[in-house]
């Protein structure tokens, strides 16, 4: 069974064609700068043959039409006809309270999905455009929506409720939703496989660390709490997002800097985080390089990030009533031995010791703690596309 996994952003589309009988990748690609000058598609098939196509892609429909031509290209593609694709799995950022699991999209559910856009106005609209376009271009294929928020829908009410007047929850569904759920689910379940135990029997903290970062407490195989909230803004300080902060700072800054609602939103989401603190970059590789050369603000940004992770691990260990594994994933979690060491050294009070040789790896599954620790520290590369494809296959 062939499944096409699609992730539509505001100006990009990531895609991966998978044969789910072997869970193998036939090809993967990226269409970028959609609707912007210099748009292109870059694709590589499982033979290592790379296609780079530079042409005008005015909108998502044009991009997806071109992507389907690339997928069926005689030399660089992987199939002869799109009719071979049985289902398309779409990443959808926000499912609200109405979608607590993946669903096959029909006309009725599409209306409900469109209503969710007010909860994620930057992310859900392009996700929906992707679904509608694939329905039009591949009417034979089932369209499945896999939600970033779904894995966190099992959180207990006391974990997701905010202490604002309850009527706001009833009227506007203001609550903690959490994000990166597909990654947290894949990684926690894979960690359990590596440890040789049922995920339901383990207490796991997953640290998804990248330009956007979130931490989740996984117990009984589901998310019990997570660091992101109503939006992806709270939690850890991120590439350009503030993370947790006193909300009273918002009206204070709006008054002092004469900022409107959209302007303060832009500051908190696009100009803050480690970029705002360091004044250098939102890329942690740049910060590690600058810190190694003595840049104090870069070092401060890195220390703030590590400190936030350590605090969340401590809090979630208490919330779970114990801990079996801390799992690092995402671009930073998988590749930065420096950040992993900062975090794990902060947990040395538990008796955990780092295996320096094993920690000196990038992008591989590995246990980085020495034997005898009270819990296991490990790296598990995430694979959101595979998780989306699996959930799509289950529903079709």
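Every residue gets a Cβ built from N, Cα and C, even glycine.
According to Swiss-Prot, the features are:
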type     : residues                                                            : note
BINDING  : 7, 384                                                              : Mg(2+) binding site
BINDING  : 14, 208, 209, 210, 211, 212, 283, 284, 285, 331, 332, 333, 334, 335 : ATP binding site
BINDING  : 91                                                                  : substrate binding site
ACT_SITE : 148                                                                 : active site, proton donor/acceptor
SITE     : 180                                                                 : site 'Transition state stabilizer'
SITE     : 241                                                                 : site 'Transition state stabilizer'
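Overlay of Swiss-Prot feature records on the structure.
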{"residue": "14", "record": "ATP binding site", "CB count, 10 Å": "17"}
{"residue": "148", "record": "active site, proton donor/acceptor", "CB count, 10 Å": "26"}
{"residue": "180", "record": "site 'Transition state stabilizer'", "CB count, 10 Å": "29"}
{"residue": "209", "record": "ATP binding site", "CB count, 10 Å": "26"}
{"residue": "211", "record": "ATP binding site", "CB count, 10 Å": "17"}
{"residue": "241", "record": "site 'Transition state stabilizer'", "CB count, 10 Å": "26"}
{"residue": "283", "record": "ATP binding site", "CB count, 10 Å": "15"}
{"residue": "285", "record": "ATP binding site", "CB count, 10 Å": "13"}
{"residue": "334", "record": "ATP binding site", "CB count, 10 Å": "22"}
{"residue": "384", "record": "Mg(2+) binding site", "CB count, 10 Å": "23"}
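The local packing around residue 7 (Mg(2+) binding site), expressed as other Cβ atoms within 10 Å of its Cβ over all shown chains, amounts to 22.
Taking Cα separation as the measure, residue 209 (ATP binding site) is nearest to 180 of the recorded positions 7, 91, 148, 180, 384.
Around residue 332 (ATP binding site), the C-beta neighbours below 8 angstroms that are at least 6 residues distant in the chain are 209, 210, 213, 284, 339. For the pair residue 211 (ATP binding site) and residue 241 (site 'Transition state stabilizer'), the C-alpha distance works out to 9 angstrom. Relative to residue 148 (active site, proton donor/acceptor), the recorded positions with Cα atoms inside 10 Å are 180, the candidates having been 7, 180, 241, 283, 334. For the pair residue 334 (ATP binding site) and residue 384 (Mg(2+) binding site), the C-alpha distance works out to 14 angstrom. The Cα atom of residue 384 (Mg(2+) binding site) lies nearest to that of 91, taking the recorded positions 14, 91, 241, 283, 285 as the candidates. In sequence order, 5, 6, 7, 8, 127, 146, 148, 182, 384, 388 make up the list of same-chain residues 6 or more apart from residue 91 (substrate binding site) whose Cβ falls under 8 Å from its Cβ. Residue pair residue 180 (site 'Transition state stabilizer') / residue 14 (ATP binding site) shows a Cα separation of 16 Å. For the recorded site, residue 334 (ATP binding site), the DSSP three-state label reads helix.
Overall, the recorded ATP-binding residues 14, 208, 209, 210, 211, 212, 283, 284, 285, 331, 332, 333, 334, 335 cover a maximum inter-Cα distance of 23 Å. Rounded to a whole number, the C-alpha distance linking residue 283 (ATP binding site) with residue 241 (site 'Transition state stabilizer') is 13 angstrom.
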